[in-house]
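Below, the features straight out of Swiss-Prot:
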- 209: active site, nucleophile (ACT_SITE)
- 238: active site, proton donor (ACT_SITE)
- 297: site 'Transition state stabilizer' (SITE)
């Protein structure tokens, strides 16, 4: 296990599906139509909801978003407060999702090509925003040169795939996604060469697609290459399991967290504290894991949790549980959408259509998560199961953070705070309401409203020249 890069502890990641974020250089998808039509695609106007088509033809429908457009929205990213961007694949491919790579060393012209990529990287770094790329190394697209040669029985390439008499092995048996034989040395060297190349260009990390399919050893090999380049480069892996046991990478996409939290706020269970505490204790790289609530592979948060007060509870947990919060583009303004492709709708740029109250809530949570020591690296201590309450215990008691999340009716909650340096009479300040609750013998009593939450911070008590924490 390698140390997690230092910048990860302070990060909030923003996920972007490039075709659906923004079209740069003042263009429309109509202006760019030749880029799509000549490669078998179709185009659609911005704002028209995506829909599933027969034969999965929706993967060939393009809206025109590109890397130029992302760079032009840098002020928006800065306003929101995120400091890392994760892009779904950007390499040459004939689909809008680009998980069927044709050439890893070519940025797709549909996204602006190499010039747009270099420009975006420069713009992001000028605002101290990191860039994380999506590495799809479990499989390639059926148009990848290697696979085309293998299909023709070229002996140099046949063993790089899994070919049978009448078919080939592919991801989830999707024929257009032939799986690579990562046990073959030439395949591993090729993958590591791709990883090395973009680290040299300046990207800050990689997200490994289908990390579970790659297996622990390949995850380790890739992270060894990443850390050989720099200990400050980041590797996170897509693994839809309980998060423990994958310490060979810096973290994984914590879908286990997502499932627990959504079940809790939607009333499918009345307690998840034990599960969260166990995962924290057993997952050695928990601080490098992504706290997910939605993504390009799931229904959007506003669809799975339509009641906004309950949705806020999920967001509070996302930003206060150990790990890196990941915000899927548009979730911060209330975009809805079901299963793929509905969850991959275009970003709405008309602010009159935004849920501005939700947007401001996200901004505050992002700012708090990035600056609060307790949330950045504090220990997770479960205080109560019903309603869920926990402490993020930091090195200094005034850096501690206490969180209570109540998806049910109003409750008066009594919490014993397991930090012997939180002094008697210490005020606990609610960062949202401004209310104060005083500690009495290490215990605090807090009313928590229906479908509501508390985020409490200790503050130093001063009476005249007297300071409660003068020697702590």
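Heads up, the Cβ atoms here are built off N, Cα and C, so glycines get one too.
Quick caveat, the model's predicted, so the values are computed rather than measured.
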Rank the recorded positions 209, 238, 297 by the number of other Cβ atoms within 10 Å of each Cβ, and give the residue at the low end.
297
Measuring Cα to Cα, tell me the gap between the residue listed as 'active site, nucleophile' and residue 238 (active site, proton donor) in whole angstrom.
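That comes out at 5 Å between the alpha carbons.
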Expressed to the nearest Å, what is the distance separating residue 238 (active site, proton donor) and residue 297 (site 'Transition state stabilizer') at their Cα atoms?
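So the alpha carbons of residue 238 (active site, proton donor) and residue 297 (site 'Transition state stabilizer') sit roughly 11 Å from each other.
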